[in-house]
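Peer 1: Submitted below is the structure of interest, expressed as structure tokens.
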There are 2 protein chains.
Amino acid sequence: MDTTSLIGKDLAASLNADTKARAAAITAQGAAPRLALVIANDDPASVWYVKSLNRAAERLGIACENVDLGVDATAEQIRAKLTELSADPTVDGIMLQTPLPKGVGLDDVSSAITAAKDVDGVSPLSLGLLASGLPGFPPATSEAVVELAKFHGIPLAGRLVTVVGRSNVVGKPLLQLLLAENATVTIAHSRTANLSAVTTPADVVVAAVGRAALITADHIREGAVVIDVGTNEDDNGNITGDVHAPSVTGKAAALTPVPGGVGPVTTALLMRHVIQAAESTR
Amino acid sequence: MDTTSLIGKDLAASLNADTKARAAAITAQGAAPRLALVIANDDPASVWYVKSLNRAAERLGIACENVDLGVDATAEQIRAKLTELSADPTVDGIMLQTPLPKGVGLDDVSSAITAAKDVDGVSPLSLGLLASGLPGFPPATSEAVVELAKFHGIPLAGRLVTVVGRSNVVGKPLLQLLLAENATVTIAHSRTANLSAVTTPADVVVAAVGRAALITADHIREGAVVIDVGTNEDDNGNITGDVHAPSVTGKAAALTPVPGGVGPVTTALLMRHVIQAAESTR
């Protein structure tokens with residue numbers, strides 16, 4: 001069967017057009033919406049991502065400030081900075097970059113980001129608000145999966161969606177968003193005894209484990225929709241997903257490309273969160 | 001096949017013996033551990049439950065205080081009382097009874113219970129701490145399901161567990177606990193298109209929907225373990241579960257009785273949480 005490519009560009013463009021207009025309206029009332037990126041690493045992938053966020057923000061009229069605490073920052077220093085930015089009325093959104101310095105866990109520090117500015121939904125409270133169905137920001141990547149599916153007309157209500165990956169930043173919040181869409185959800189992970197037994201029955205398979213080419217044609221039924229959240233770097237520095245695209249193509253009804261699928265939508269949603277934070281707190 | 005009855009009494013007794021000893025040790029240092037039950041209803045089931053909690057606490061040496069705000073209490077009044085009890089150093093644990101007055105949602109008020117005293121894990125922050133794998137109290141019912149399974153030697157790691165029900169008080173927190181046990185988890189609910197398609201492959205089926213006799217032999221495979229969280233009152237005032245026990249018996253490898261399965265373990269875990277709260281905050 002023909003496999004539709006679930007590209008993210010059109011949805012991202014539509015979100016960005018809206019964000020740009022709302023950013024301009026906010027700026028007209030005072031200062032531009034402002035996002036603080038807190039950085040405590042010199043990881044090449046993170047450096048690249050920060051640059052791409054800086055560019056995206058600039059294009060949309062969002063002021064984006066890099067707050068670099070250095071690779072030796074302690075949990076206390078990171079918490080103190082996040083607390084300070086949380087209290088700073090000129091900052092609308094806060095995003096903490098990973099990886100964090102050795103010995104500092106995201107969970108040790110993320111609770112210092114106030115929920116109203118936690119635009120990537122990483123704090124325990126943000127996760128809990130999401131699970132409770134209360135207002136808060138979901139992690140942008142997990143939201144991008146759902147929004148991309150909806151944009152491409154993929155039904156979720158009553159369908160069986162298997163999420164491979166149980167991370168706090170993708171798998172678990174995605175599960176909450178999928179339940180809110182009335183999907184039946186299976187969550188599989190590294191300890192799942194028989195992965196294909198739980199992916200094969202699924203109408204939609206979401207791969208979010210960070211292992212290149214983990215999901216092959218053997219893992220999906222004919223006509224399944226496959227959404228690839230993975231961004232793995234191969235030996236040549238190219239980004240590849242968690243899905244082995246050549247094998248799945250022709251069997252899946254639809255597949256997100258990597259790059260160009262979930263990624264651009266994630267950035268667009270993150271920027272929209274900054275606007276929403278500014279609109280609700282100013 | 002013979003269906004083992006997964007009774008809760010032995011585990012509850014073992015938990016209670018430990019709780020009673022720890023309560024006595026706390027009392028020897030000062031005041032008895034203290035649980036505040038906040039009530040704003042005259043619902044017969046709630047009244048019955050409060051009495052049973054009062055009796056359980058008394059047997060274990062826990063001071064249990066009923067704080068009755070009346071059936072007309074507003075969200076503001078309930079929040080104010082929960083905030084006051086959260087700040088009161090003589091109170092170790094707080095439990096808000098449901099149902100709440102008309103128009104007051106649990107989510108509107110539960111965040112006023114500080115996480116350190118939220119012994120039934122109902123606040124958004126408690127849910128988020130659970131999802132993040134951070135210290136906090138899980139809702140006692142969901143914890144009882146996992147503890148009862150472990151007590152009876154039922155393996156969870158790598159097994160497929162289907163939870164029927166997605167409530168914030170049972171289904172969703174249970175999912176987090178099961179993931180922490182390395183189970184592969186499917187969560188089904190009222191909008192699931194084909195329930196038996198997701199319960200039949202499961203090694204363990206947990207019924208937590210509040211619909212009497214929803215789960216029958218047709219929903220399970222031969223040899224599955226069935227855990228029944230339901231407590232439905234029939235026309236004669238008897239408590240029945242979400243599982244149709246006569247039909248499942250003989251096909252399931254094991255089944256929790258209702259009453260006498262998850263229920264007593266839930267109460268025992270709730271009381272243990274009060275002790276843990278007292279031990280960690282005094």
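Just so it is clear, glycine is given a Cβ too, placed from its N, Cα and C backbone atoms.
According to TrEMBL, the protein carries these features:
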type: BINDING; residues: A:G165, A:R166, A:S167, A:T231; note: NADP(+) binding site
type: DOMAIN; residues: A:7-120; note: domain 'Tetrahydrofolate dehydrogenase/cyclohydrolase catalytic'
type: DOMAIN; residues: A:139-280; note: domain 'Tetrahydrofolate dehydrogenase/cyclohydrolase NAD(P)-binding'
Peer 1: What subset of the binding-site residues A:G165, A:R166, A:T231 has a Cβ sitting under 8 Å from a Cβ of chain B?
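Peer 2: Going by the Cβ criterion (under 8 Å to chain B), the qualifying binding-site residues are A:R166.
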Peer 1: Excluding near sequence neighbours, so keeping only residues 6 or more apart in the same chain, what lies with its CB under 8 A of A:S167 (NADP(+) binding site)?
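Peer 2: Expected: A:A208.
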Peer 1: Would you mind splitting the domain 'Tetrahydrofolate dehydrogenase/cyclohydrolase NAD(P)-binding' (A:139-280) into helix, strand and coil residue counts from DSSP?
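Peer 2: Result for the domain 'Tetrahydrofolate dehydrogenase/cyclohydrolase NAD(P)-binding' (A:139-280), in helix, strand, coil order: 53 helix, 26 strand, 63 coil.
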Peer 1: Long-range neighbours only, meaning 6 or more apart in sequence with Cβ under 8 Å: which ones does A:G165 (NADP(+) binding site) have?
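Peer 2: Result: A:G171, A:I187, A:A188, A:H189, A:V206, A:A207, A:A208, A:V209, A:G210, A:V229, A:D242.
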Peer 1: So how far apart do the NADP(+) binders A:G165, A:R166, A:S167, A:T231 get, largest Cα to Cα in Å?
Peer 2: 16
Peer 1: Need one number: mean pLDDT over the domain 'Tetrahydrofolate dehydrogenase/cyclohydrolase catalytic' (A:7-120).
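Peer 2: The average pLDDT of the model in the domain 'Tetrahydrofolate dehydrogenase/cyclohydrolase catalytic' (A:7-120) works out to 97.
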Peer 1: Treating G and I as helix alongside H, and B as strand alongside E, what does DSSP give for the domain 'Tetrahydrofolate dehydrogenase/cyclohydrolase catalytic' (A:7-120) in helix, strand and coil?
Peer 2: 61 helix, 17 strand, 36 coil
